[in-house]
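J.: Have a look at this one before I ask anything.
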Ligand SMILES: NC(=O)C1=CN([C@@H]2O[C@H](COP(=O)(O)OP(=O)(O)OC[C@H]3O[C@@H](n4cnc5c(N)ncnc54)[C@H](OP(=O)(O)O)[C@@H]3O)[C@@H](O)[C@H]2O)[C@@H](O)CC1
Ligand SMILES: Cc1cc2nc3c(=O)[nH]c(=O)nc-3n(C[C@H](O)[C@H](O)[C@H](O)COP(=O)(O)O)c2cc1C
Ligand SMILES: Cc1ncc(COP(=O)(O)O)c(C=O)c1O
Ligand SMILES: [K+]
């Protein structure tokens, strides 16, 4: 039977998207966002599929913001069966799965609770594999910059578990006995990882876990006192809950975060906390197929994916506290282009996504402003270059008023760069050369798109694209349309901004000054 399933799945891998492989008809659409459904519900052209796939990382993180009703939930028996199958015919070892499960838990925690605010973690580990996941998660959390503590009162005398304990001891992670633990956990910890029981839990919790569960339950009484309490993160099952019927008497723990592994178990339907994540990115298609699992794709290289709705937030409370090294006048380059290159190199080294994306602002003769993102395609002493359509809105505005501003924001580095100046078209040869360096699809796209004009529907673009794709399928040169080319902004003003604590940011402005007939850049610090 397994070989049949494997065979079937191989055939299905021709479908392009992970976890959408059941059959074309069952892609009956699990995920709510409108555009996702519309992409899949109707026949799609090759262009549609290709363009979707090239963006699939970002798309999949959007798809995961789905309706929980559409995700599969497992019964206790199914969870145990999947476990056995993974570790039997599918060739996994328990160590491997536990490592991936624990890593998923640690990455889920790190997505929501930053170590700068939530550093002290207590992992309360039970005797089974759920406890093992907790031990692994504690180790990863240590490496992520948290300060984990472990309470592991019923140690399992197996090499896997003693190895995990040794690894934690080698990192000087403290092990606390139940007697060492304060009765009130709220003062000493920011995060409590509930790794006591997973899907093999049955009956009523026995000592010492009954008492430990009770200590987690008690924390909610602090909610009324508005005292800050630690958040509870449950691995796979909130411990003490019935695996299928959840918190039967309503007096169990109420985790803030639940990290379901492999697929959520039935009790997860009753989870009311703010953050439900799925981890365990190891489910092979045979399992998904056999259990008809509808699971969201994991974004990019992530080990976890949010399922269910993201928490409703009060937007006014969203803020970051920037912590950066000092950015001082003595350290900067005298030439702002050199300084820009230095920061650009830092953005590259920090592996930021599209560090060359910049907001371009223009204004027509009526003085009305408009902004949009464009990609920087070159920078030198002559200025900053990007490419676009010469009949677009920005092009019209630039023809009326050849002044613009550029804005870079490098989020991971707490840095922003503003540049203002005058704009000219680049030479035809330069545009010609750049145009032919682009992927052929983008060259055709530039011909198809009468940028900023109204189109009756996406199908019109597809149709024209496909006609041109056919026309140039012999690999012949795709001529650059006359309406497509580059602009160069010659800078007259720069500002380099770096975020600092209490909003006392660094701002160094470069403005040109003539001294003895020579142009030099004057550097001023501006108030934040
Ligand atoms: N693919 C997967 O599925 C993966 C699964 N993974 C993880 O494994 C978890 C399941 O692990 P598991 O089977 O070891 O069971 P788990 O729930 O941790 O505990 C069993 C222990 O608890 C005990 N116990 C039970 N009831 C009790 C009670 N009332 N009061 C006191 N003790 C009680 C029981 O003792 P017993 O009753 O047998 O004497 C036994 O010692 C799963 O949820 C997930 O976290 C990942 O690591 C990898 C991928
Ligand atoms: C990250 C990013 C990069 C972009 N890069 C370019 C670009 O290099 N050239 C371009 O014409 N449009 C680019 N666009 C699309 C523009 O933002 C904009 O939609 C388009 O140029 C039309 O703008 P307009 O109607 O104001 O002229 C980019 C969009 C994003 C989000
Ligand atoms: C409409 C448009 N033109 C041009 C570009 C720049 O793309 P490329 O890097 O292929 O030149 C982009 C990038 O997003 C774009 O959206
Ligand atoms: K648990």
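Glycine too: its Cβ is placed from the backbone N, Cα and C atoms.
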J.: 130, 194 bind K(+) according to TrEMBL; which of 70, 72, 239 goes with them?
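T.: Same K(+) site in TrEMBL: 239.
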J.: Please state which member of 95, 180, 184, 236 TrEMBL lists alongside 129, 130, 131, 132, 133, 198, 199, 200, 201, 202, 203, 204 for binding (6S)-NADPHX.
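T.: According to TrEMBL, the candidate sharing the (6S)-NADPHX site with 129, 130, 131, 132, 133, 198, 199, 200, 201, 202, 203, 204 is 236.
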J.: For the C-alpha pair, I'd like the distance in angstrom between residue 133 ((6S)-NADPHX binding site) and residue 194 (K(+) binding site), rounded off.
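T.: For residue 133 ((6S)-NADPHX binding site) versus residue 194 (K(+) binding site), the Cα atoms are 10 Å apart.
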J.: Among 129, 130, 131, 132, 133, 198, 199, 200, 201, 202, 203, 204, 236, listed as contacts of (6S)-NADPHX, what is the widest Cα spread in Å, to the nearest whole number?
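T.: The (6S)-NADPHX-binding residues span at most 22 Å between Cα atoms.
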J.: Which one of these binding-site residues has the most other Cβ atoms within 10 Å of its own Cβ: 131, 203?
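T.: Answer by Cβ density within 10 Å: 131.
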J.: I'd like the Cβ neighbour count for residue 129 ((6S)-NADPHX binding site), meaning other Cβ atoms within 10 Å of its Cβ, all protein chains included.
T.: 24
J.: Hey, what's the Cβ neighbour count for residue 130 (K(+) binding site) at 10 Å?
T.: 25
